């Protein structure tokens, strides 16, 4: 009896202790926040086990742990083991705080009157505006300032006559945007489609125009200020755009201007069309590495006129491919004026351009000096000021060439890290969707290799040729890229994996640091107190940078010969502390490419200078504890 009493007393004492630690109780004496079986609690224990006691625990890293509760974590782990996660994908995405596109179902909504959509978001338009006579629909401030934006327009304005569509400030200032236009304006007569300020200032924009204005008669499309100042997306794909059209004018003005790594693909564009009139003005100008592909563009067309003016002008590098352009066409006129005069030389490839054409006139004026012509029409081509190299770069007082695409302050010299120095601060704000790590119990059951891309896409509901499919492919491919000279790298999707990688390189006595906030971004700041990590000596370090992926994924790597600093950042006029930044200086740049942005900005060559940069918001730096 006494023994049973003592056992009961011990058990009661155990429960009491758990309640005291947990605070509010639920289901057995644990709180929702402190349940020891949650992924977050597991991560805390893992940190305490793997990192030596004198190293401060990083609440920053702990905050990125999976928000799944104990029950959901166990449930989704079992589903992952059984390859059944897709059956609960919406629930999994929401509960685990993942980055996912919504599954848009078909909509049969119709309308007979003019419609104005203002401050609208996330909609599927199917069979919308079909066979309408006259009228106009206006999309203004649509999907603006969103995070993950997905819109679908299918069979919109099909067989309509004189029907106008206006997309103004559409998808602006959003992050990861995907819009699909299928069979839009097909067989329409007259009317106009106007895209103005479309997907401007967007991170990772994607638009797909399939069978857009196919078989249209006199229906014009205008794209103005389209993907202006956008960043790193697949861009736009135009498939069978204006195919079999009659007198269809299309105008692209300020398209992709000042954008970063944006691509466009034109496939079967204007094919078999009659009297098409396409104008590309200031297309891809001032951009960074724009890539555009024209495949089977204007093939078998009749009396078409295409004009490329100030195309990819003052851009940095960039590549264009023209395959079977104006092939087998009749009386086609193509004018390239001031084409491809990029800041740094890009390349153009013309394969089968104008081949088999009759009575066509192709004119090149002030064209790029770096082009390849294969199976090119020999007759009817005029080259004026061809292969003339123009200097469009800006120069500063010391004669160094400065590329406008290298943001001031993105790269700097070690000598700038001195108290009192005024330095431009780049935009260090994290522009990726907010996500969390997955717990190790789930991530170890998910595929992650290029050989299993199909399975990965199935899990995350990424259909073929979708934006999400491209995001997944890009991330996995980059993670499998062989390391550069002297680099040790690993992609991690759980905090435990990051801890393992950092400690494998640096040992178990480590400190995790990140820049405190984003104050001072895109402004001039004053360097305050500076502290060199590990005495400011050459040291080892591990830097982890976010990769875009459904769950929180970091590309972690260690390179030799670096110095790491932490510095107070002061407001320019008041000298008040506004931030505490972490900077890393690469002392050996000999293996870097000569076209690296650091050398364009600082005016040097690989191996001749050290290069420093800040650790951006939500990126991390691991160093050996002092």
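A Cβ is built for glycine as well, from the same backbone N, Cα and C atoms used for every other residue.
In Swiss-Prot this protein carries:
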| type | residues | note |
| --- | --- | --- |
| REPEAT | 117-120 | repeat 'FXXY 1' |
| CARBOHYD | 124 | N-linked glycosylation site |
| CARBOHYD | 141 | N-linked glycosylation site |
| CARBOHYD | 277 | N-linked glycosylation site |
| REPEAT | 294-297 | repeat 'FXXY 14' |
| REPEAT | 336-339 | repeat 'FXXY 17' |
| REPEAT | 364-367 | repeat 'FXXY 19' |
| CARBOHYD | 370 | N-linked glycosylation site |
| CARBOHYD | 387 | N-linked glycosylation site |
| CARBOHYD | 465 | N-linked glycosylation site |
Within 10 Å of its Cβ, which one of these glycosylation sites (277, 465) has the largest number of other Cβ atoms?
277
Can you see whether DSSP assigns residue 277 (N-linked glycosylation site) to helix, strand or coil?
strand
How big is the gap, in Å, between the Cα of residue 277 (N-linked glycosylation site) and that of residue 465 (N-linked glycosylation site), rounded to a whole number?
29
Segment confidence, the repeat 'FXXY 19' (364-367), expressed as mean pLDDT:
62
